């Protein structure tokens, strides 16, 4: 049986590259006011030329930032997931394993509680985002220190330390909630479910910068990641600087996931499942796996967020619920054929 | 100049010494077999030679230069290691696994394809080329991993010094493939690549190697030509077995008969 031959890899990459713009246009057109792809594009052009049109305002100020934010965050989460699964040599690893998600959640909870009812509007969202970003990075730093010794950094210890730090952050977070009043509690739990409704040009610019750095740098580590799949000492004997690779990957993933949690709350599942699905389709070579995951992650999150907006309009669903509802059946159907793809 | 020069090397990566008093020298194109009972430190010695374990005392020189002073990539072009077990659990295609052996090189895709074709022939893995590694049997995986380390050192043009370290390369191979692999290793050695091979099969070691090194409890017991090292007393002292040493009727190499 010939699985994921180079031709299929190229076809999948092209397919995803062509699908993404189509999905973006459809997503921009969907919502309370439905716009055809032509109207959506016309609106963007009109807004670009400074002309006023209703479609232009809807598209440029509301939908475009939100759809682009979804795409960027999806790309960050999925490419980070691909890198983590390679680093941990475990196809079930998730970017949140190194403690970043739990740390960011705690950081956000502390920011919400500390600011209390004083949190209003944009500045409130920024304070929460900063808290989340700082919390995520701190947690990863702690995990990394725990797993490092003079002999280097143990990936297995990092995984266990990540679980421990996540549990600790969760416990402290629960303690905060236990003492919080119902308004603060509601804010924390809403934030936790994740959402892209706070999209604005500032956040979009931040997400774009982070995505450029993370999804732009991770492919540089494709060959070291491929060699690492053989084992750490094998990678070393192939001339890979294993310690430097580990540090760089952990930092990139911490920044990427920390930023995405800060901007959109915890969106589970994308970082775990998208790289897994891509690996089943095109194989484990990180040179194509990381770009394919980034594209597919962007597509999945844009589709999920669009559904979250329109399914129960005018009420919005938390996007994490939708990613799970779309992704799980697809994932399970692939799992049932996993032997055919060479995964145990 | 010796490809590999080891002077009084010892190693103690986890506290107690695992290797002590290792002392030998290997010329380009020579094949050395490392023998010893279980737990004698054979794999540890290979990892020390590969630079994966630091030496506590003594020195290991690769191509005349201390091992630790070699730049990472240059070392990977000069030195390759086949570990005893491989843990690759991701579904790479066989040719992708073999081409990982070319990753330290910058010889270009066309040249890498030529090497790929040659090492696949040398290990009879051409038919497996498009199969998934995770679908292969143990012996097939062993041949693929062997092809990977062969690809790393195959071209004499890639490095002035080349040393191949093999931890039980024939594990899981049937006799036909054992013969093929040994012929391929001889072919590689003939191009100037030194080979260090941990073996369990005394007769294979005697047939393949110009030199044999015997380890026991991490210490080097003796080393030399197979005919000098293989004595009834050595087998009694190191391996605690009584053997009869005959001469191979065709090759003239020592033949160990274990009743």
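Backbone N, Cα and C define each Cβ position, glycine as well.
Where the annotation comes from TrEMBL, it is an automatic prediction and has not been curated.
Taken from TrEMBL, the feature transmembrane segment covers A:12-34 (among others).
Residues annotated as transmembrane segment in TrEMBL: A:67-88 (among others).
As annotated by TrEMBL, transmembrane segment applies to A:100-119 (among others).
For A:126-147 (among others), the entry in TrEMBL reads transmembrane segment.
The transmembrane segment annotation in TrEMBL covers A:159-180 (among others). Long-range neighbours of the transmembrane segment (A:159-180) within the same chain, counting only residues 6 or more positions beyond its ends whose Cβ lies under 8 Å from a Cβ of the stretch, are 88, 93, 96-99, 101-103, 105-106, 109-110, 113, 135, 139, 142-143, 146-147, 188-189.
Summarising the annotation, TrEMBL assigns transmembrane segment to A:201-222 (among others).
Annotated transmembrane segment per TrEMBL: A:247-277 (among others), in sequence order. The list of residues near the transmembrane segment (A:247-277) in space but at least 6 beyond its ends in sequence, with Cβ under 8 angstroms from a Cβ of it, reads 69-70, 73-74, 76-85, 87, 91-96, 98, 100-101, 103-105, 108, 128-130, 132-133, 135-137, 140-141, 144, 153, 158, 191-196, 198, 203, 206-207, 210-211, 213-215, 217-218, 221, 225, 289, 293, 296-297, 300-301, 318-320, 323-324, 327-328, 330-331, 334.
Annotation comment: TrEMBL describes A:289-311 (among others) as transmembrane segment.
Positions annotated as transmembrane segment by TrEMBL: A:317-335 (among others). Within the same chain, residues 70, 190, 193-196, 264-270, 273-274, 276-277, 280, 300-301, 303-305, 307-308, 311, 341 sit at least 6 positions outside the transmembrane segment (A:317-335) and bring their C-beta atoms closer than 8 Å to a C-beta of that stretch.
Only residues 6 or more beyond the boundaries of the transmembrane segment (A:201-222), in the same chain, are considered here, and those with a CB under 8 A from a CB of the stretch are 65, 68-69, 72-73, 75-76, 79-80, 82-83, 129, 245, 248-249, 252-253, 255-256, 259-260, 263, 285-287, 289-291, 294. Contacts between the transmembrane segment (A:12-34) and the transmembrane segment (A:126-147): absent, as fewer than 3 C-beta pairs lie under 8 angstroms at sequence separation of six or more.
In summary, the transmembrane segment (A:289-311) lies against the transmembrane segment (A:67-88): three or more C-beta pairs, each 6 or more positions apart in sequence, are under 8 Å. Listed by sequence, the residues of this chain that lie at least six past the ends of the transmembrane segment (A:126-147) yet keep a Cβ under 8 A from its Cβ atoms are 98-112, 115, 119, 153-155, 157-158, 161-162, 164-166, 169, 191, 203, 247, 250, 254-255, 257-259, 261-263.
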